[in-house]
């Protein structure tokens with residue numbers, strides 16, 4: 001009786017969890033499914049084709065949207081990592097007046113609604129006469145990514161005994177040398193995690209981009225947003241499929257790399 | 001995405017307090033070099049724009065959509081106009097509904113994952129996060145394919161003769177709520193998961209040893225101890241829901257105008273920046289109030305605001 005009851009609860013749990021995962025994956029699965037459809041409408045599956053993948057390559061609007069998305073994401077990661085890592089080390093190592101205020105500033109972009117950040121940047125770029133385009137888009141992305149980077153790197157350093165830095169300097173290493181050979185290797189995993197976070201925030205953003213993009217800097221989400229109301233053609237589905245597969249591959253590689261690293265750490 | 005993070009305890013090297021009084025320039029220089037780019041960036045692109053929005057919320061709209069300098073509270077009074085009141089009520093209903101649904105589905109889900117064996121746990125958690133590496137707008141587009149009158153659901157239901165005519169699924173408040181629940185679900189699951197996982201299992205064993213029924217142990221031990229997770233999850237779902245205009249736009253069509261779309265329209269379509277700014281200031285005030293309430297009840301702090 002008790003055994004039966006246990007099996008039953010197990011089955012119920014498994015069914016519930018499976019339903020949630022179906023819910024989570026259904027929309028993306030549909031997009032991928034219809035990228036192989038011969039019909040131009042994403043309604044009924046007429047037959048299998050790869051045609052949309054070559055159509056996609058000739059769609060200049062779509063390709064430039066992809067290009068813009070990549071440029072913004074990569075620039076965002078580079079700038080955020082540079083500014084954010086330095087700030088994280090500096091704020092961890094030194095006590096200074098106004099540190100609390102800097103902390104509050106860092107939390108503003110994390111907690112305010114994205115739409116408010118979007119409109120405030122739109123208004124601000126307008127008065128400083130910076131035309132909306134790829135530059136404003138990169139500035140906006142760094143603004144919401146960099147605080148996350150500081151937080152991620154700082155939580156990583158907090159777990160480390162920084163006395164090794166002093167040890168290095170006592171042994172005659174210069175400040176720069178210590179930074180490059182001791183500090184950076186210690187915080188590298190934190191920086192990598194932060195960089196991945198910044199990259200994904202950039203790829204996932206719709207709202208802030210919507211307000212800070214210009215006509216020549218359309219990114220993929222904005223491109224789709226503009227097209228969705230009058231119908232999206234399947235070459236967009238094909239592009240999304242390529243991106244989804246590429247993301248999964250990158251994540252998989254990074255994950256194996258990470259587990260390998262953490263194993264080395266233990267030895 | 002507004003993930004909230006608890007600030008970690010700041011560790012300082014042992015000599016920091018000693019030298020605080022006599023910091024020489026040589027010690028100060030690297031600090032300035034390291035921290036000032038971030039501070040300048042935040043002052044320029046976070047603080048200054050927000051101050052500017054606060055200022056224009058007290059100004060008047062110009063004839064051609066610009067801003068005219070004349071100090072007044074008109075924009076804040078306009079917020080109380082019955083025309084906009086309906087929009088707030090609908091927004092709050094949808095946000096509250098989304099939060100409740102996320103909690104009702106998310107709690108048992110997070111519980112099952114947290115109690116799974118360690119190897120499966122990681123895989124199950126990764127599987128929750130994986131779809132969120134694809135842009136939320138793209139996933140919303142996936143829902144349009146499913147929900148359209150000629151979409152997948154209607155086609156399937158007609159094929160199995162459950163319905164004779166396609167039913168209206170897209171462009172309803174239900175569709176908006178579905179899209180919101182879908183997009184914000186992980187923001188509920190992650191805090192719930194971490195608070196359930198931290199739970200001391202021996203407490204539950206003690207309860208069952210003392211003869212408590214499992215449901216009683218859940219109500220008296222598990223639920224109260226995971227309240228911080230519930231609070232954090234609810235805030236992280238409720239607040240963004242108010243601003244996610246693209247979901248109400250794409251899945252609700254013209255039928256569900258939410259606060260987010262209203263602000264968007266003031267800045268892009270109506271070009272009434274002062275009114276849009278006043279609405280934004282109100283949204284910030286509301287967000288800060290919610291976070292304060294959270295900090296007050298949970299004892300821990302979510303940011304220093």
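Each Cβ is built from the backbone N, Cα and C atoms, and glycine gets one as well.
Look at TrEMBL and you will find B:88-294 tagged as domain 'ABC transmembrane type-1'.
Annotation comment: TrEMBL describes B:28-55 (among others) as transmembrane segment. Same-chain neighbours of the transmembrane segment (B:28-55): 277, 280-281, 284, counting only residues six or more beyond its ends whose CB sits under 8 Å from a CB of the stretch.
The feature transmembrane segment is assigned by TrEMBL to B:87-111 (among others).
Taken from TrEMBL, the feature transmembrane segment applies to B:123-146 (among others).
The feature transmembrane segment is assigned by TrEMBL to B:175-196 (among others). Cβ atoms under 8 Å from those of the transmembrane segment (B:175-196) belong to residues 1, 3, 94-95, 97-99, 101-103, 105-107, 109-111, 113-115, 125, 128-129, 132, 136, 139-140, 143, 147, 169, 222, 225-226, 228-230, 232-234, 236-237, 240-241, 244, 247-248, 250-252, 256, 258 of the same chain, restricted to positions at least 6 beyond its ends.
Look at TrEMBL and you will find B:217-238 (among others) tagged as transmembrane segment.
Feature annotation from TrEMBL assigns transmembrane segment to B:244-263 (among others). Same-chain neighbours of the transmembrane segment (B:244-263): 84, 87-88, 90-91, 94, 136-137, 140-141, 143-144, 147, 170-173, 175-176, 178-180, 183, 276, 279-280, 283, counting only residues six or more beyond its ends whose CB sits under 8 Å from a CB of the stretch.
Per TrEMBL, transmembrane segment is recorded for B:275-294 (among others). Sequence-distant contacts of the transmembrane segment (B:275-294) (same chain, at least 6 residues past either end, Cβ-Cβ under 8 Å): 4, 50, 53-54, 56-57, 61, 75-76, 78-79, 231-232, 235, 238-239, 242-243, 259, 262-263, 265-267, 302-303, 305.
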